[in-house]
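To start, the structure itself, in structure tokens.
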Amino acid sequence: MTETQFWTFFFIILTFGLYIIIAWRSRVKETKEFYVASQGVPTLANGAAIAADWMSAASFIGMAGLIAFLGSDGSVYLMGWTGGYVLLALLLAPYLRKWGKFTVPEFVGDRYSESVRIVAAVCAIVVSFTYVVGQMAGGGIVFSRFLGLSIEWGVVLVAVVIFFYAVLGGMKGITYTQVAQYTVLIIAYLIPAFAVAYQTTGIPVPQISYGRILAELDALSTEFGLSEFTEAFAGRAGGQVDVFLVTLSLMLGTAGLPHVIIRFYTTKTVRGARYSAFWALFFISLLYLTAPAVGAFTKLNLLQGVQGQGPDTLPNWINTWGATGLVTVNEDAETIQTVSNLATSGADLIVNNDILVLASPEIGGLPAPIVGLMAAGGMAAAMSTAAGLLLVISSAASHDLYFRVIKKTGASEKEQMLVGRIAMAVAILVAIWAGINPPAFVAQVVAFAFGLAASTFFPILILGIFWKKANGPGATAGMLSGLAFTATYMIYTLEVFGTGANDHILNVSPEGIGAIGAAVNFTVTIIVSKLTKPPSPLVQEMVEEIRYPQTRTAAVRS
Amino acid sequence: MSDVAHEGTSGVPPEAEDTSWRQRYWKKNLRLMIVLLAIWFTVSFGFGILLIEPLNNIVIMGFPLGLWFAQQGSIYVFVILILVYALWMDRIDDEFGVAERNGEGGYK
């Protein structure tokens, strides 16, 4: 066993043991605990849980690597995935918490109609499922590289541990494991980042010090046939229009993702939901402000390491990562002249985006314990998000579909719990299969889930809260048209479901289509609502009611 | 309808049918929301995307300013915006007697 493997085993066993202990202590018996942790989670803990829920394998493993190669345009992920929290905090979280039940489809079901509830439940399952695939694949990469397992077995191992604590503890177990996972992942992310920053610039604050290397990085990038890091709109073919749309899609998607929204149901009060949003973004920003620095430093170290080297004299990490097939070297080249992240580019050195963060301690020449810690952090990020998503899938399938559509009455508490757990188990099995055959880069898979969330949930939630006249037929038509529009364009432009990839229309990439899908949804919902009967006075009163944190002191109202 | 009649949490019950405070509460909430969202749009889509190229001509500590807004500045502003919203809404809640401060509020 190498030193790196020893430390990886050490940290993986340590952290997995911690999650399992927490899960065992917070195992649940009631549906209210299973779905929303009894609405008793303190604000600060909820913020950390949201952050872990949110920061996925894509954020931890994929994002800095993407930014390294996208350069300035990597901002679509940074602004998109954080800016959505402003929308969430101001426009959705307090109101959904006030209404306060178990799931997002349940809100739209009460607000609009039973048929919208079913559409929403199906959308929640589709969106969460698309997203969970990326987490599984990310976990598999970590295991295959650090523990020498095949990616397939890595995925299975991740699934088994998640199965244990998610099925046992439901939302309550997931919440407190997520707090632990946040702690693990942020430590694992920041330590190497600070170390590399200090090593390269002498200033141990990566957020500030990466400015100093940008000029050098630009020069080196050009030398290896890459675009400059600081040049705007060089990283995405669609240019400014596309960057705008992708950022907007990711923001709307962030605010519309069911697994994030349900985390606001777990606070004690509406006020708690507002402060949870603040803590969540605060915790998230610790990683997101660091990621571009990690991307820049790692890319600089990478390029410096291979400069003037031939295939035989390359740094060690290239060989170790070569075994995973995620790094390839042109053995015929005399010296490495070109570097790329695209498998089809024909460059002398091809590095997959997804390995940059995990390899950053090795690329920067940091000691083995840090490499092991990084692996544990990557696992924490993948698992915490996967668990949150699986809860959404399970609650939508059992709570919103099975018990509302198939078995309408007479389900005991025990039966509801059992169906919830079975639904989760099935979801995990399908996720294993999809995780072994992921359709694209980890971070990209996730971006598609955002497009779907942006074009289905975001508009009908916003209209449900801010426009009393929005009604059931409008919401059904809006969601279905948004979904159909967005999914069609994605399938048209991507090679995901065995279809050929066609050219982008008007420079809109499949990741940016969600913003237009959302506009379609808004328009259709408003037009159809105007043409049909407005909702009942009871529903309109409900909309009125959720706008205020609590019944006014001493005012007796029903 | 005077504001004074509905201020504070003095425990004086307002007349049972009166819900006019709700419109005023909502209007204040909306106004705050619009101001904060305007700032949100300006720093992210404005400085980070639409104006990134002209701003990049200004370089501070190695960072072209537009790039800095896109990768750092906008995120700092987002965090502050949510904090300001939460704090400000506490004030509005107090003003209208719907605050939930006791141990994170009157959880029912």
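Cβ atoms are placed via backbone N, Cα and C, with glycine included.
Features as listed in TrEMBL:
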type	residues	note
TRANSMEM	A:6-24	transmembrane segment
TRANSMEM	A:44-70	transmembrane segment
TRANSMEM	A:76-96	transmembrane segment
TRANSMEM	A:116-134	transmembrane segment
TRANSMEM	A:179-198	transmembrane segment
TRANSMEM	A:243-265	transmembrane segment
TRANSMEM	A:277-297	transmembrane segment
TRANSMEM	A:370-397	transmembrane segment
TRANSMEM	A:418-436	transmembrane segment
TRANSMEM	A:442-467	transmembrane segment
TRANSMEM	A:474-492	transmembrane segment
TRANSMEM	A:512-532	transmembrane segment
Hey, which bits of the same chain come close to the transmembrane segment (A:44-70), Cβ under 8 Å, at least six residues off its ends?
76-78, 81, 131, 134-135, 137-139, 141-142, 174-176, 178-179, 181-183, 185, 189, 226, 229, 235-236, 259-260, 263-264, 266-267, 272, 275-280, 282-284, 287-288, 291-292, 294-296, 298-299, 341, 352-358, 360, 377-378, 380-382, 384-385, 387-388, 441-443, 445-446
Looking at the transmembrane segment (A:76-96) and the transmembrane segment (A:418-436), are there 3+ C-beta pairs under 8 A, with each pair at least 6 apart in sequence?
no
Out of A:116-134, A:370-397, A:474-492, A:512-532, which stretch touches the transmembrane segment (A:179-198) the most, going by CB pairs under 8 Å?
A:370-397
With pairs closer than 6 in sequence left out, are the transmembrane segment (A:116-134) and the transmembrane segment (A:474-492) joined by 3 or more CB pairs under 8 Å?
yes
Please indicate, using numbers and ranges, the residues of the same chain that are 6 or more beyond the transmembrane segment (A:512-532) and have a C-beta under 8 Å from a C-beta there.
238, 242, 244-246, 248-250, 252-253, 450-456, 458-460, 463, 467, 469-471, 473-475, 477-479, 481-483, 485-486, 489-490
Same-chain Cβ contacts of the transmembrane segment (A:418-436) under 8 Å, 6 or more residues past its ends?
31, 34-35, 129, 132-133, 135-137, 139-140, 151-152, 155-156, 158-159, 162-163, 166-167, 170, 386, 390-391, 393-395, 397-399, 402-403, 411
